[in-house]
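Let me begin by presenting the structure, written as structure tokens, before commenting on it.
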Amino acid sequence: MSSVNRPFDLVLFDLDGTLIDSASQLALAVNRTLADLGLAEADEAVVRTWVGNGADKLISRALDYRGAGEQFSQARGLFDRHYQACLLEGLAMYDGVEQSLRRLQKLGYRQAVVTNKPSHFVQPILDALGIADCFALWLGGNCVEPKKPSPTPLLHACHELGVSPARTLMVGDSENDVLAAQAASMKVVGLTYGYNYGRPIADSNPDWVCEHFSELDALLVE
């Protein structure tokens with residue numbers, strides 16, 4: 001552990017749109033689901049605007065887009081099957097993510113993932129990308145209810161790791177991440193490159209706005 005003066009002890013990260021760009025896989029699974037239901041597909045650019053509130057909201061938005069909200073129950077099961085099949089196809093981290101995670105780990109930061117993604121998808125992704133060992137804990141969307149934007153998952157992570165919210169930083173790309181952190185009395189970084197329903201993350205008033213993941217290095221080293 002480094003003797004560097006750390007402004008925080010724990011850093012919580014969202015997953016989709018923060019650590020990984022999963023829009024292509026999500027769009028593929030959504031469109032396969034729509035096709036199974038006899039509905040027209042959606043452009044990936046449109047699907048990107050639906051990501052960020054968990055799979056239930058993603059499917060609801062896709063069905064509403066095609067005027068087929070009544071088919072949610074069937075679509076939800078189809079989506080999980082299709083997403084599992086394409087989960088790791090072309091999966092990639094954003095530039096600088098692994099390098100920064102490793103650096104923060106060496107500096108003594110504890111790190112955790114808090115995502116609305118269903119938990120059975122999270123571990124395979126972290127393992128496939130070779131970064132699972134960077135995290136002391138990960139929480140999927142079905143691990144703790146209610147999900148973000150509730151502060152509950154963030155506070156649960158703090159409790160599990162024995163770190164106070166005042167010594168914890170949340171890093172995410174969506175309004176849900178910012179609202180959850182603010183409700184938990186945590187500082188929060190908003191990333192501009194992720195999925196925020198087509199709205200600037202700065203509009204949610206995070207404590208800091210970063211355009212690149214590596215900007216966290218300067219923020220977290222005093």
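Using the three backbone atoms N, Cα and C, a Cβ is placed for every residue, glycine included.
Feature annotation from TrEMBL assigns active site, nucleophile to Asp14. Asp14 (active site, nucleophile) is surrounded by 26 other CB atoms, counting those within 10 A of its CB over all protein chains shown.
Non-local contacts of Asp16 (Mg(2+) binding site) by the CB criterion (under 8 A, 6+ apart in sequence, same chain) comprise Ser22, Ala23, Leu26, Val51, Gly52, Thr115, Lys117, Gly194, Tyr195. As annotated by TrEMBL, Mg(2+) binding site applies to Asp14, Asp16, Asp173.
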Q) So, in DSSP terms, is Asp16 (Mg(2+) binding site) helix, strand, or coil? A) strand
Q. Tell me, how many other CB atoms lie within 10 A of the CB of Asp173 (Mg(2+) binding site), whichever protein chain they belong to?
A. 27
Q) What is the separation, in Å, between the Cα atoms of Asp173 (Mg(2+) binding site) and Asp14 (active site, nucleophile)? A) 7
Q) Beyond Asp14, Asp16, Asp173, what residues of that chain have CB atoms within 8 A of the centre of the Mg(2+) site's CB atoms? A) Leu15, Gly17, Thr18, Leu19, Gly52, Thr115, Gly172, Ser174, Asp177, Leu191, Gly194, Tyr195
